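Data first, discussion second: the structure below is written as structure tokens.
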Protein chains: 2
Amino acid sequence: MTDLQQEIDQEITWLSSIGLDDKQGTTRLLYDNHWVAAQNGLKEKFEQEGLETSFDAVGNLSGKLVGSNYPNEVVLTGSHVDTVVNGGALDGQFGIIASFIAIKHLKEKYGQPLRSLEVIAMAEEEGSRFPFAFWGSKNIFGLVDPEEVKDSVDSEGIVFAQAMEDAGFDFPEKKQPVRDDIHAFVEIHIEQGNVLENTGKQVAVVDSIVGQKRYDITLKGQANHAGTTPMSYRKDTVYAMSKMISEGIDDAKKEGDPLVLTFGHVAVKPNTVNVVPGEAFFTMDCRHTDGGALDKFTSNLVKRFKEIAKECDVEIEIDNWMDEEPVPMSKEIVSVLQEACAEANLNYTTMHSGAGHDSQIFAQHVPTAMLFVPSINGVSHNPDESTKLEDLTEGVKALIASLYKLAYQE
Amino acid sequence: MTDLQQEIDQEITWLSSIGLDDKQGTTRLLYDNHWVAAQNGLKEKFEQEGLETSFDAVGNLSGKLVGSNYPNEVVLTGSHVDTVVNGGALDGQFGIIASFIAIKHLKEKYGQPLRSLEVIAMAEEEGSRFPFAFWGSKNIFGLVDPEEVKDSVDSEGIVFAQAMEDAGFDFPEKKQPVRDDIHAFVEIHIEQGNVLENTGKQVAVVDSIVGQKRYDITLKGQANHAGTTPMSYRKDTVYAMSKMISEGIDDAKKEGDPLVLTFGHVAVKPNTVNVVPGEAFFTMDCRHTDGGALDKFTSNLVKRFKEIAKECDVEIEIDNWMDEEPVPMSKEIVSVLQEACAEANLNYTTMHSGAGHDSQIFAQHVPTAMLFVPSINGVSHNPDESTKLEDLTEGVKALIASLYKLAYQE
């Protein structure tokens with residue numbers, strides 16, 4: 001094991017031990033005791049390496065190495081410190097550890113940068129404790145009205161404002177001021193998919209984050225006796241649903257990458273072996289890097305669903321409850337990351353992200369790009385979440401090379 | 001309202017009031033207090049009309065009008081006294097009321113029959129309290145080893161044998177003797193479907209009961225992130241299930257009546273909007289009056305399911321846990337019932353039954369046929385279960401005419 005591998009391994013083991021749960025995973029939710037312990041532990045670690053630390057008003061932790069020539073131009077790097085319930089050891093926190101190690105190595109090798117280098121351990125991204133995601137990154141750009149979350153309640157009945165105060169932060173009375181000192185943001189994260197694994201690459205430069213549309217679809221027909229109702233008298237919602245799903249997936253396969261289409265949740269009523277289901281509910285999740293292509297595909301599909309409902313003599317209700325535009329990464333920063341990977345002779349590729357990340361908030365305000373490392377079997381949000389140590393290390397090398405270009409070069 | 005209509009209406013209202021539950025339905029389960037009250041109430045009613053009453057060992061109640069010439073040839077008529085949980089006012093008990101009224105009217109008009117006429121209120125058909133159906137009729141033909149049910153437990157933890165003793169019956173130590181005095185059995189029942197309603201008929205002679213096959217089908221693929229997993233890397237069980245269901249129903253429609261195919265129960269894992277479902281479970285219920293056609297259709301479909309599973313790269317397990325042969329009714333008794341309906345100028349048809357009934361047990365041992373009356377909207381097993389009083393009355397007339405032929409004619 002190289003020194004760098006050992007360092008990465010140790011730091012991840014240390015950080016994921018804070019919030020270790022009884023199901024072999026890590027559960028560290030916004031403002032809970034483990035969250036407080038992790039942020040304080042990171043603060044201490046940052047300070048030991050001579051970084052200037054500070055918490056912002058909502059608990060985003062920074063460790064800063066001030067630049068010589070452009071101290072107010074910050075090259076920011078990091079990810080989120082919170083996990084999902086029973087999460088793995090990498091989602092979010094690998095980005096913090098990698099950023100910290102990268103800055104430490106750059107400082108040791110090259111001393112003070114031209115621009116300030118700052119690692120950030122963001123307060124929250126997952127939305128796992130309260131029904132609100134991107135609390136950390138959104139507050140950096142003044143995007144949250146505190147009233148939106150103030151009265152949110154977690155699964156134990158604790159109110160958001162109280163949880164925040166218990167963690168030592170005053171609940172803000174108004175939107176945060178927008179940070180205006182960020183020159184660039186680079187986030188490294190696990191892929192949470194199996195593209196890198198399947199293509200044999202160790203690192204990816206991420207050039208965009210997909211747009212997402214989510215739908216609830218409800219079909220109403222008639223619950224009938226499975227034996228006494230001839231086929232021609234039925235209003236069978238499971239039949240209609242099955243036609244919609246199988247046609248939808250066939251169309252998505254024809255459309256091809258980067259479009260993905262998922263029918264993840266299915267519920268049927270009365271859900272009994274000998275009754276024709278009078279009601280069916282299912283969700284549809286569709287993603288694409290091109291907003292126009294996403295709109296066109298989904299609107300065609302919705303039109304077809306209505307036709308199928310008519311053919312099957314069932315009523316259909318379609319609720320499009322999520323509609324997020326794709327977010328392209330900064331072309332300039334993507335180029336810098338690609339060059340850095342090439343110059344470091346890394347086994348890399350360029351791809352889009354099919355999942356959401358803090359970077360999609362940043363990219364709408366400051367020059368941003370991401371790096372990915374592979375996820376074994378594409379698994380994440382699960383204690384089985386894992387990446388080969390060699391691949392994590394190649395990711396850290398890519399980040400070091402990228403931050404060098406951004407902070408040490410004019 | 002005619003006298004006969006009034007009589008039917010009163011008796012049904014009386015009997016369904018025994019076990020009236022708090023959801024506008026009737027809940028009268030094997031050997032519970034309401035069941036005991038109903039059987040004792042019927043016994044008293046039968047005796048008031050001069051019928052000889054008796055309970056057999058398991059609680060089937062008989063009211064007999066002894067025949068003059070052939071007292072040991074019994075023309076038996078009736079149905080089951082138990083209901084489903086929150087059942088309607090007709091399923092089962094209409095058959096008892098109709099049979100009782102028919103015998104009463106025949107006795108009043110024609111006096112003593114040549115053959116004995118017997119109304120039977122059978123103990124149990126639905127399997128709603130304990131996981132065992134046809135307890136009443138199966139015991140008439142010595143088909144139950146008491147050991148099979150002895151330790152069954154109801155939803156409140158009461159053991160079968162105890163429930164039986166609480167109702168005043170000793171739990172039998174061995175199989176019942178076979179009743180050998182039955183000349184014919186005629187059961188009148190609601191259709192529980194919408195064929196009579198849709199074809200504008202008031203009565204049906206039932207010439208067969210469908211065979212049924214039921215399957216549990218489990219698909220195992222891979223749970224993957226809905227955003228980060230390209231379509232070509234997926235093992236999507238909901239897609240595979242949807243192809244199976246939509247193809248299956250399309251094939252069933254092509255096959256045509258009397259085949260029916262139902263996918264009534266569906267369950268998906270992890271069942272989350274943003275995860276490709278790694279597991280899907282669904283049931284298949286297929287029925288046909290022709291056993292060979294049923295076997296051929298289902299074995300073709302099962303073969304096709306395995307092909308689809310292969311195409312979709314998912315594993316499939318198929319458990320065929322129910323396989324009941326179709327039961328033809330007695331041609332002779334069907335003819336008698338058809339003639340009786342025709343001679344009485346009733347608006348009748350001949351059809352099969354898509355649901356199971358006590359008659360399917362009888363028909364394998366003694367000459368048996370059924371009569372149906374329409375079900376409004378095909379609804380049953382539900383407080384909304386209903387039939388127009390005029391149609392119930394036509395059904396009783398059909399039964400009177402049929403029993404006359406069977407018991408008063410040589």
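Including glycine, each Cβ sits where the backbone N, Cα and C put it.
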Q. Since TrEMBL lists B:Asp91, B:His381 for Zn(2+) 2, which candidate among B:Glu124, B:Glu126, B:Glu410 does it give for that site as well?
A. B:Glu126
**Q.** Site-mate of B:Asp91, B:His189 for Zn(2+) 1 in TrEMBL, selected among B:His80, B:His183
**A.** B:His80
**Q.** One of B:Arg234, B:Arg287 listed by TrEMBL as binding allantoate at the site of B:Arg214, B:Asn274
**A.** B:Arg287
Q | Least buried by Cβ count (within 10 Å) of the binding-site residues B:Asp91, B:Glu126 | A | B:Glu126
Q: Just give me the nearest neighbour of B:Asn274 (allantoate binding site) among the binding-site residues B:His80, B:Asp91, B:Glu126, B:His189, B:His381, Cα to Cα.
A: B:His381
Q. Over all shown protein chains, what is the count of other CB atoms within 10 A of the CB belonging to B:Arg214 (allantoate binding site)?
A. 20
Q: Using DSSP, tally how many residues of the domain 'Peptidase M20 dimerisation' (B:211-311) sit in helix, strand and coil.
A: 43 helix, 31 strand, 27 coil
Q. Within 10 angstroms of the C-beta of B:His80 (Zn(2+) 1 binding site), what count of other C-beta atoms is obtained when all protein chains are considered?
A. 28
Q: Looking only at the domain 'Peptidase M20 dimerisation' (B:211-311), report the model's average pLDDT.
A: 97
Q | 10 Å Cα neighbourhood of B:His381 (Zn(2+) 2 binding site): matching binding-site residues from B:His80, B:His189, B:Arg214, B:Arg287 | A | none
**Q.** binding-site residues among B:Asp91, B:Glu126, B:His189, B:Arg214, B:Asn274, B:Arg287 whose Cβ lies under 8 Å from any chain A Cβ
**A.** B:Arg214, B:Asn274, B:Arg287
Q | Neighbouring C-beta atoms (10 Å sphere around the C-beta of B:Arg287 (allantoate binding site)) | A | 27
**Q.** Zn(2+) 2 site, defined by B:Asp91, B:Glu126, B:His381: further same-chain residues with Cβ within 8 Å of the Cβ centre
**A.** B:Thr83, B:Val84, B:Gly87, B:Gly88, B:Gly92, B:Ser128, B:Ser380
